[in-house]
Structures are given as structure tokens and as C-alpha cells.
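Scroll down for the structure; my scribbles are underneath it.
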């Protein structure tokens, strides 16, 4: 069974009643239960539901643009009125977009419940052009704030919550820690967030983890900016950035410089959601596996979570990073998908039971 960490008895009872998956025994796929194997295989094993998006480009205050992919769910039987159709904002991982299989599965789950989804693609990675020499990072929440208010302004009468995966979860937590209760979001779900960036990069720099994950992630980051080289060369030594062989080296030469941090340690401290968890002002459910090399178990802020009545942690012993595969042939639905579906439905349909906490 997963470990449920929450200081608020009402929140616990709410989850046990309306999101019972968090108290059920999780049986990982027996032939790939180890965390790194789950992490590596999930993208290849899980299916990719068909989703048709409507793309929207919105302008930012600094002259940039953000690409949003909407799944409007106009065929919703439960919520035929678009003005009041519940809306879920989805935040993919580090170099992820609306095309990631875990995002497609979240949309598929939402579709069956009648909800609308919108995917927040970070600047420059979903095919759109960079209009300014700026991309994104886990610490800077300006773009996310703009998107949250844009979506809310379009549908002010619609119940509204968000879900973030990996770096998307870190960004969402940092936003919630900054805004407290001053957000249009009712609640949030966080999956496989890296709680302490120092501990995450140290774990990823261990020899096997570097070979399996770190080098590949670094090349993905470099690939995501190489298309915009002409724009970015105005501010950066791109040859030096392209020589990075670890995420830490990339962040030192590029990310921390772009967002004006004096040192990479300053950036990593600001990007670590564990520092902001105490300030979260709306109900948040966070799922992590303790065998996730991207977010080591000892760095999960269990004690801090116990000090905030709005926070519940669900910790599984297996599952890896965005893995949570279950069943003999885990093609269609993961434990993470089931947590997402039940929690989102609980918030939209029974949320009044926790909003008075």
C-alpha cells in the first residue's frame, strides 16, 4: 500500500472516500518493477490515445508567445454548456509537450468524465518560434501565471484545476507556493516532481543514472534550443552550451544565466519546490515513488508536508519516474492515471468537502 502523508484529517477522509486508489495496494508490473526499468519502458509500452487539439498562441508581456493546445471536449454529455465545463490545465515535463503519452492519457481520462483540458507548452518546444531570447525554467512562474489567468478569463464560470508532471509539477508547486490562496485554481495534482533540485542532479550524476538518463536529458535540452540558435546567440555562447554533458552543466551555462541568477546554486535553490510547500494555499495531491532516481526518497519533504493542511503526499515503494506501470501488459492505464482521474473527479464533483478546510 502507498504511504499517505497528510496532517488534515478531513483531507485524508476526503481522499479515502472519493479517491480510494491512494489507499489501495499498488501492484507494479512484475517483470519491470524496478524504478529505472519502469522509467525507461513506460514511453514505449503505454498506448498513445488519439487526441485532436485546437492550438492557440498567446502573447506575453515581454513580447514572447506561448503555445496552448486545447481539448475542448465539445461532445461532453455531462457538461454540454462550455461556459461551465470543468477545465484541467496540464503541465508536461522538462522537454515534454502535449504529445507525451502521459498527457494523452490524462486527456483521455478527462474526456470520459466530460472535462475540458488545455496543455501549457513551455516556450519554444511545441513548434512555435521564439520571439524573444527566452525559454523557460522550473523557478520562473511568469508564463504559468499568464496562462492560468488567460484560461480563467476565457471561462470564468468553469471549475478550474491543474496537474503537473515532473518539471511541470515543480513549476506548478513553485507557482502555488508563490500565490498561496490567490489563484483561480481550485486544487492541483502533482506527479513525480523533483522536490530538491540539488539532490535530483546529484542522483542523476551517479554513473549508471548518467548513462541511462542524464546524458539523454541533456541532449534533449540542447535539441530543444538548437532550432532557435539564431535568436539565442544574441545572449549566449551557444557553442559552449552545446558542449554540456550533464543537466547541471547545461543549467550552469544556459538556464541560470538566462534568468539572471548569480550562480547555479542560487537557481537550484529557487527552483526547489520543497522550499515553497509550506506556502501552498489550495488542496494539492502529490504522487511520488521512493525509487525515483529523479527525486530521491530522502529529498521528499515529508515533515514539511505534515505542517500544511492543504498538502497530501502519496508515496509508493515502486513506480520510478512517471512510471507506475501495473498489470501484466501495462498498455492502457497506469496507477498514476487512476490517481489523476479519481482526484480530478473528486475535486470537481465533491470539492466542497475540502474547500472549507
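Heads up, the Cβ atoms here are built off N, Cα and C, so glycines get one too.
Database features (TrEMBL):
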DOMAIN    86-327  domain 'AB hydrolase-1'
ACT_SITE  166  active site, charge relay system
ACT_SITE  292  active site, charge relay system
ACT_SITE  321  active site, charge relay system
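This view paints the features noted in TrEMBL onto the structure.
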residue: 166; record: active site, charge relay system; Cβ within 10 Å: 26
residue: 292; record: active site, charge relay system; Cβ within 10 Å: 29
residue: 321; record: active site, charge relay system; Cβ within 10 Å: 25
Roughly how many angstrom lie between the C-alpha atoms of residue 321 (active site, charge relay system) and residue 292 (active site, charge relay system)?
5
Using C-alpha atoms only, work out the spacing between residue 292 (active site, charge relay system) and residue 166 (active site, charge relay system) and round it to an integer in Å.
11
For the domain 'AB hydrolase-1' (86-327), report the average pLDDT of the model, please.
97
